[in-house]
Ligand SMILES: *Cc1c(COP(=O)(O)O)cnc(C)c1O
């Protein structure tokens, strides 16, 4: 079976050697030495100042909305994983969808201003597939209208834009360390923010505790465990290799896909990408379904990332986003992981070619 992704597993002995520290201390929770070590190493690796490890990549979005005290309308992208929209709704705010750019697949910054009303408090956009949003234009709009900016950077691990981590843009950024993501801790995630926001985010992720008996603010439990951190510490030494192997796979895909009538995502200029996904866009949904079925018959399982367009979720008043809707109906991510073979890729592209 060939799946859309395959979780990178570090050598089991390496994981166990790290876990031994937890056994030695008897400490599995509440920001022990492993979580702190992972945070320190990630800050160094990524080049970020403020990073809080969390138990998944969704709670940091909700905590960002809560801690920034956002209310009313939040402008967001319809082309992302459902967590981007559900976090807004879960926190009692209203998602206002602005359509995406047809080539970059990120929110179309030129359409944001028209969607701003007196009720707008923030912009929450996704660096989808690790492709950065037009962060300068978005920041300029946010400054003009006094809005907060949150980036769902779930796919952004290791991505650099204009010479620095993509996590450094916006008031807050979040990442997912889910097992399907490029760097993972099984389940896990992180929040990145400006220094002046760090305390608010920190207290919100740990029940508001400021010492055992003092509560500084409302909070929830989003703490990463020592077991998760141990996986992260075991995976981190391999991240550069993971990215390099994915790069080789993407380049091989690209060479074969170039000969097919498929569209691919345009990477934003000045981006050092992480090769986290390989999405291809078909001419129409019928063609996509035809190819998907042909692949599935050969035990190959691509994924419709991201479908449906989030403005069509049953619990939002989404309006129309024609570009996102058409892209969502025609896009599919091809299998990609560190170590996928050229022969796998050749087989996949041949099936696509013959079933289109
Ligand atoms: C994976 C993902 C999330 C959620 O991350 P979890 O760690 O699974 O909670 C949020 N946003 C996007 C765009 C994602 O792909």
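Cβ atoms are placed via backbone N, Cα and C, with glycine included.
The feature N6-(pyridoxal phosphate)lysine is assigned by TrEMBL to 181. Over all protein chains present, the Cβ of residue 181 (N6-(pyridoxal phosphate)lysine) has 23 other Cβ atoms lying within 10 Å.
Annotation source TrEMBL lists active site, proton acceptor at 181. Look at residue 181 (N6-(pyridoxal phosphate)lysine): DSSP puts it in coil.
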